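**Student:** Quick one: this structure, given as structure tokens, is what I'll be asking you about.
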Amino acid sequence: MEVTIAGILERDLSEGELAEAIRGLREHGAFRGEGLPAAMSGLLSSCNSRLTSASSRIEGLSLLALAVEESPTDVFVQHCVSWLRSLLQIIQSQDPPRVVSLAVFVLRSLLAHSSALPELSREISTNHIPGLLTSLLGLRRQCLVPALEGIRSCFLSYPRACGSLRGKLTAFLLSLLDAENQQIQEVACQCYSLLPSLGSGFSQGIKHTENWERQIQSVICSLHSVFLQLYQGSETDTARYEGSGTELEFPSVEDDGTHGVLQLARRFTALGQCMRLLLREQFPAPVRVPVSDILSLVCRVVNVSPKNLSWHGEESLKLLLLPRVHSSILEILEATIIACGPRLLPFSAVICRLFPQLLLSWAAVKGITGIPSGQERPYSSLRCSVYRVLETWVTTCGISSGVLQGPMHHSDILLANLLSDITPPTDAIKMSTFVQLGAKKQKVSEVGDDDFQSHRKRDNTANVELCAAALKGLCCVILHCGSVIKEDVHRRLQELSIPLLLRLQQGSDQWLGPYISSDCRKELYRLLLCLTLTPNPKLPAPLHCAIRIFRGGTTEESLQVSRFSTEALAICRILIHPRVPSLQRPLPHLAPRPSVQSDAPTLRPPAALSTFPAMPPANHLPPRPTVPAMSTEPPIPAAVPSPPPEESFGEKPRRAVFIHFDKEEPSDVEISLESDSDDSVVIVPEGLFAKSDSKPEPSPPAVKPPTEEVTEQVAPSAVPSSSTAAPPPPPPPPAPPVCAGPSSAPVPIAEAPPPPQQEVDTVININSSDDEEDGEEDEEEGLYDDEDEEDYYDEEEDEDLEGLEEDDYDYEEDEEGITEEEEEDLEEEGEDDEEEVEDEECLMPDEMQIGSEAEEIPDGIETSSLHEGELEEGPPRLSPVQEDEAVDTGLLMLVESEDREPSGEAPGEGLPESDLTRSPPQPPVLTPPSPPDEPPPMEESDVPPLEEPDLEVAPVAEEPVEETEEKKPEEVTVEKPEPEPEEEEQIADADAMLADFVDCPPDDDKLPEPCT
């Protein structure tokens, strides 16, 4: 490689051949590899030898440009200062402008690379930049463009070092803003926009910010002054500049005639470009844009329209220059929109009014309506500028831009101009029916020479840019604001775009104007896609038509049109037939729900539905932490507020009801409403309560969780008395969540309406009977009824009966626990009427009455068993209990509607909380019964503290459990008239269905003892 490089450099190559050789060396990276110091040294020696000779200086500069770009860092640092001096000598010499231009080109690359090296940049900024700027300012007029390029490079790479020459540089640049050479004017404007960043910015660039704000105010003031001189006497608006800026020191305009008007027009255009660059260029410090002053200037310029000027005298020249002035002011508006963005929304009404005002003012000029097809429309460049700014405004502010949404007049004008610019021209044939009598018949060759020409001169590129700009602006408006645009606008656009695209695909012989260009056809396809994606809510989207048209567009001869049609077709197809579920953010996994029999009717409240319930999306994203169905925190008293809604999936908190026996048996049943299966009957395994006692969960020190010992001490007492009632009932609760626990999955039975919203837990003890083997059956005899709730039960009877059908297989097993003697007693005693039977079918599991409803309780009858029958209407009355019902069935629980309230609790009752349930372990609440007619609503946080007031205990509480159960039917039995035959059948049916409600499939851990 070294030999090849040396051979190429030693040859005498022409400028073109040397350029090709340098391009090849750079492509191969010949000087970037390691171990090539000889090649780099050969390049540097060849470069220095050619720079010393004036005849080969161009070749030397070309090799120097290659060395600056390809040299490693150490070589660059070593030779950078010497290269800079060589370039400065070439700039100060009287070399041709071409050599000076090439030297400035190498200088720009050298300054850009050296500014990134701290040590080198410090030396150059201190010792070389001021002299370099002085040399550039002294170049002759033929080298103004290279000089300005070099000055701009110094401003960008070493702005701090250029601050000492700010005044001289400002005067030099202002003198060039009126230059007739457009290239000089553009570079001078670029340099002028960088003046505020020169010098030291002090703390946090405060000096830079002040310089920028002062300079932009000076530019605005100068624009007002120049416009006043240019169109004095033609303005109808009396607005003037009231800012803090001072006019720039331009040289005065000597000629008041045509030359003066042209000079003022060039100055106005240059100042507008300076303002645009001030707003668009990156600045090292935050600045404040004077939006009000800028918009006032824009409105003042736009208000001067062609109707204010005439085509005679000096005003004709001003009228010719007015489109250029308007285009310049539109560039300022576009730069302001880009710089400020949505902060301009308070001025949206003013900005939206500018577009139709400009389009309408230039469309009303005389003589522009008779332009034949195939010719460029007048003021097309100005209209393109309007559509470009419109697209920028809508893209920046979106649907808040207000385009085509404001006053009907302005929206209609804008839409009409857009449609006229995207509609292809048509040839109009004028037919005349007037025939002069006695006139000579014309020859065919003489007909239509002026009115009908099938072949005329046309420009195939005419109005292509205008049509493309209008389509882009319209696509942007429809895409961002299509859903709020009027229905009529959508209909008109559909009626225009769809037939036109079909004509284009069919290859119509008619000339279609700008749609010969592939850019216009592509934008027309894009308009149809935007109409499909953002339709009006009251108008159907052209989805199916779009699919057909896009399918035809895939065969377009233009590659960009076919590529876009393929993309649009894929979008439309996926709208109609999604292939797979879309990727979603990680969702919490719900706790597993127990299996429910398919034929069981449910009244379960709506749960959180997934986007694809049938087939969950197989996301590869990691799932979020699961939201527990039940709180895993230690149990808290009922007075503490309920868990937040997100822990119960947005539902209301549940109220748990537990049924504990004085003598825990392996077959005991614990029923909890803290389950998302609405009703869960869980068979508690043997030893579960013992485990929970050994591992009590923490609770607040003020309230001690009930223990089994307390229950055993209170167990000898009789059935709870009526003096004990539940606290004031809160609102009804919703359906329970999943009950997580160590035991097997609960077997769901009949669905229940949502329980009260916030209620305290209720623990009810039911004493066992004489025969322990029939312990489940004798507790069922008196758990259900209350005459005050029968109205609601009538409404819920049908739903509960449907829920009971799923447990038909339990009825046969439950019949085994009913003896013949019990059946005879049931036929003899008919104290339960039809309404009481309905009540038995609808009771909630947390409200347990003993026996059926009794109309009257004789004096002297023990009412201690009313503890478990307290409802929100007041203390219930005991119903007569037959002797045979004591051994009827096992534990029987029915689910009431959501209006039912919890029953009372006996003092000291309850067992320590097991892992199966998460109800707060609190002592039973003993409060007086609530009034029977006005149940006060009560939130969970308002529940009074747990107390055990001194209440009278019936004497029967001192008797043993067996004796209490034996005497119980005699004490509460009240003679009643025999029921009718229909009532007997209803009682039998109700007993059968109530029996189905109790027995459940055995637990996975341990089978319960069979009922006898």
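The backbone N, Cα and C atoms fix where each Cβ goes, glycine too.
From Swiss-Prot, for reference:
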COMPBIAS  614-626  compositional bias 'Pro residues'
COMPBIAS  634-646  compositional bias 'Pro residues'
COMPBIAS  714-725  compositional bias 'Low complexity'
COMPBIAS  726-739  compositional bias 'Pro residues'
COMPBIAS  740-750  compositional bias 'Low complexity'
COMPBIAS  769-844  compositional bias 'Acidic residues'
COMPBIAS  920-935  compositional bias 'Pro residues'
COMPBIAS  936-951  compositional bias 'Acidic residues'
COMPBIAS  965-979  compositional bias 'Basic and acidic residues'
REGION    586-651  region 'Disordered'
REGION    684-986  region 'Disordered'
MOTIF     21-25  motif 'LXXLL motif 1'
MOTIF     63-67  motif 'LXXLL motif 2'
MOTIF     107-111  motif 'LXXLL motif 3'
MOTIF     129-133  motif 'LXXLL motif 4'
MOTIF     216-220  motif 'LXXLL motif 5'
MOTIF     223-227  motif 'LXXLL motif 6'
MOTIF     317-321  motif 'LXXLL motif 7'
MOTIF     415-419  motif 'LXXLL motif 8'
MOTIF     524-528  motif 'LXXLL motif 9'
MOTIF     529-533  motif 'LXXLL motif 10'
**Student:** Which stretch, 63-67, 107-111, 216-220, 529-533, tops the Cβ pairs under 8 Å count with the motif 'LXXLL motif 1' (21-25)?
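**Tutor:** Ranking 63-67, 107-111, 216-220, 529-533 by Cβ pairs under 8 Å to the motif 'LXXLL motif 1' (21-25) puts 63-67 first.
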**Student:** Tally the residues of the motif 'LXXLL motif 6' (223-227) by DSSP class, grouping H, G and I as helix, E and B as strand, and everything else as coil.
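**Tutor:** DSSP classes over the motif 'LXXLL motif 6' (223-227) add up to 5 helix, 0 strand, 0 coil.
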**Student:** What parts of the chain pack near the motif 'LXXLL motif 10' (529-533), using Cβ distances under 8 Å and only residues at least 6 beyond its ends?
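**Tutor:** Same-chain contacts beyond the ends: 475, 478-479, 482, 490, 493-494, 497, 541-543, 546, 550, 568, 571-572, 575.
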**Student:** I need to check the long-range neighbours of the motif 'LXXLL motif 3' (107-111): which residues 6 or more away from its ends have a CB within less than 8 Å of a CB in the stretch?
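**Tutor:** Sequence-distant neighbours of the motif 'LXXLL motif 3' (107-111): 65, 68-69, 80, 83-84, 87, 91, 124, 132, 149-150, 153-154, 157-158.
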